[in-house]
Structure formats: structure tokens, C-alpha cells
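Engineer: So that we are looking at the same thing, I have put the structure below in C-alpha cells.
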Amino acid sequence: MISLINNERMLAGKGPVGFTNPVLYRHPEVLEDVVHGHNVGCYEGHGFRAAKGWDAATGLGSPDFQRLLDLYMSLP
């Protein structure tokens, strides 16, 4: 997705997005928060549960490409 966004930005005369974390944390609305489910990761065999907002099981959530593209195209 980031490569596609970088391509659109290049076509519009803009630079690549660079490090994405600061923008994603400032704009969680471009992600679908996953609040149900769990991951049986390496946390002492207990795993992680999904929760509202950031969590170890699902991170920030699932990106919505169109919202992500619109956001990055609105940035300089």
C-alpha cells in the first residue's frame, strides 16, 4: 500500500511518505480498530487479546487504503 501511495505522491510532484508511524499515530481514523480476537504470541504462553485502540494482538488496526491514500495525498 505504501508503494502505491508513494507512486501517487510522485505523480503529484510530492516526495515519498517516509517513516509512517508518526502519521498513523496522529491519524488513527485511517485504520479500522480490531477489538475482538486474540493472538497466542510468545507472552509466556498466555497470548494477547484485542482491545480498543492499540494492543499487542492487532497493533493500530487494519489500514483502509482509500483513507490512507487521501491522508497522505493531503500532506505536503
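Note: Cβ is positioned from N, Cα and C throughout, glycine not excepted.
Remember, it's a predicted structure, so these values are computed and weren't measured experimentally.
Feature list, courtesy of TrEMBL:
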BINDING   D33, V34, G53, D55  Ca(2+) binding site
DOMAIN    1-75  domain 'Peptidase S53'
Engineer: Can you name every residue in this chain, apart from D33, V34, G53, D55, with its Cβ inside 8 Å of the center of the Cβ atoms of the recorded Ca(2+) site?
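Structural biologist: Along the chain, the qualifying residues are V35, A50, A51, K52, W54, T58, G59, L60, G61.
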Engineer: Which residue among the binding-site residues D33, V34, G53, D55 has the fewest other Cβ atoms within 10 Å of its Cβ, if you could check?
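Structural biologist: Counting other Cβ atoms within 10 Å of each of the binding-site residues D33, V34, G53, D55 gives the minimum at G53.
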